[in-house]
Amino acid sequence: MSEAMPVSRALFDEVMVPNYNPSAFIPVKGKGSRVWDQDDREYVDFAGGIAVNCLGHCHPAMVDALTEQGNKIWHLANVMTNEPALRLAKKLTQATFAERVYFANSGAEANEAALKLARRWALEEHGVEKQQIIAFQKGFHGRTFFTVTVGGQAAYSDGFGPKPGAIEHVEYNDLSSLEAVISDQTCAVMIEPLQGEGGVVPGEKEFLAGVRNLCDKHNALLIFDEVQTGFGRTGTLYAYEQSGVTPDILTSAKALGGGFPIGAMLTTSAIAAHLKPGTHGSTYGGNPLACAVSEAVMDVVNTPEVLNGVKQREQMFREKLQAINAKYDVFSEVRGQGLLLGAALNDKFKGKSREFLLASAEHGLMVLIAGADVVRFTPSLVIPQEDIEEGLQRFEKAVAQVVASHG
Ligand SMILES: *Cc1c(COP(=O)(O)O)cnc(C)c1O
């Protein structure tokens, strides 16, 4: 394929598997929290590649790390000892409850490793009866067959033949519904401390504490899926730090690479010991380019300036979104934590989140949705104040347009 080959949205329909339905405009360049399309139209980016671009686009720390590592060594099989992977693992263990790290290439793969580890741990520590995995309705854990089955939307896992078994779903933020199902045969409970895809729904503090207690009572592992909430997104390196609950296994991806694919599973030495040589693995997991970039991202993100800055930016978003709502009356609430925020549409606009997304794009703004009823914002953690202001002005115009179209 020559470099000059013209690319249009129509080419997607010609050559791609139709499992996505991407935007009409085609972004080709990004700097910080601004993005330009093929026609040099500029957008403010409040989507951040779905909570991935935590330092915006082409942050110098990331470009430098990638360039430097790219001139040294790109790939090492996991039969080799790997400097960037061990450096990153050391920093992750120093910064969290965890003592051991497994590297993957995505959130789904990190979760797949977590679930397999939990099953193996239960088998070896407690015997074959302890298999049950409990997760939550509307939870999202990725698209491999195991993780999508553990996810709480049957529509995503139906239609692919027999599913992995011994998986139960209970209601989020409802401890009694977990209590009714958990037993000594439960091997693990997998949960997002704040449901992202499920509508930006924070886990209540007492609920998360209750989940931890029930896991302890029944000797079940608690797995926090922090693929979306992790790496500074909520104002601490990981959201568990604010929840008052420490999980046994934590998974991370998305912002972990800041835009370079990487995933990680973090756990304790005692639990990790059950993934002995040969039990699990990945060709690209721990790739030196990915780990070098991730370490550079972590050096920037895991600082008081950036983490406190997330809280300040959250305030700016909340205040302006409330002001927009006071004027146009479209949201029932603005919820979430840090820079993982959801504006839930009120009854009048329920089911119309996509209209807000499309109107925003028309006004030069990239936002996300979380289901049909929630407009989601996951901007760069270091987005400049003027970009927040400009983006929210554009969002106000988009809201006005949607409201007018239903006048
Ligand atoms: C995005 C996401 C995943 C899946 O990550 P991939 O990198 O797409 O595999 C898993 N869990 C949560 C909570 C997510 O938000």
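Cβ atoms are placed via backbone N, Cα and C, with glycine included.
TrEMBL entries are annotated by machine, without manual review.
Fair warning: this is a prediction, and the values are worked out from it, not measured in the lab.
Among the candidates Phe97, Phe140, Phe207, Phe260, the one that TrEMBL lists alongside Gly107, Ala108, Asp225, Glu226, Val227, Gln228, Thr283 as binding pyridoxal 5'-phosphate is Phe140. Listed in sequence order, the binding-site residues among Ala108, Asp225, Glu226, Gln228 whose CB lies under 6 angstroms from an atom of ligand 1 come out as Ala108, Asp225, Gln228.
For the binding-site residues listed here (Gln228, Ser282, Thr283), the lowest count of other CB atoms within 10 A around the CB belongs to Thr283. The Cα atom of Ser282 (N(2)-acetyl-L-ornithine binding site) lies nearest to that of Gly107, taking the recorded positions Gly107, Glu226, Val227, Lys254 as the candidates.
Reduced to three states, the DSSP call for Gln228 (pyridoxal 5'-phosphate binding site) is coil.
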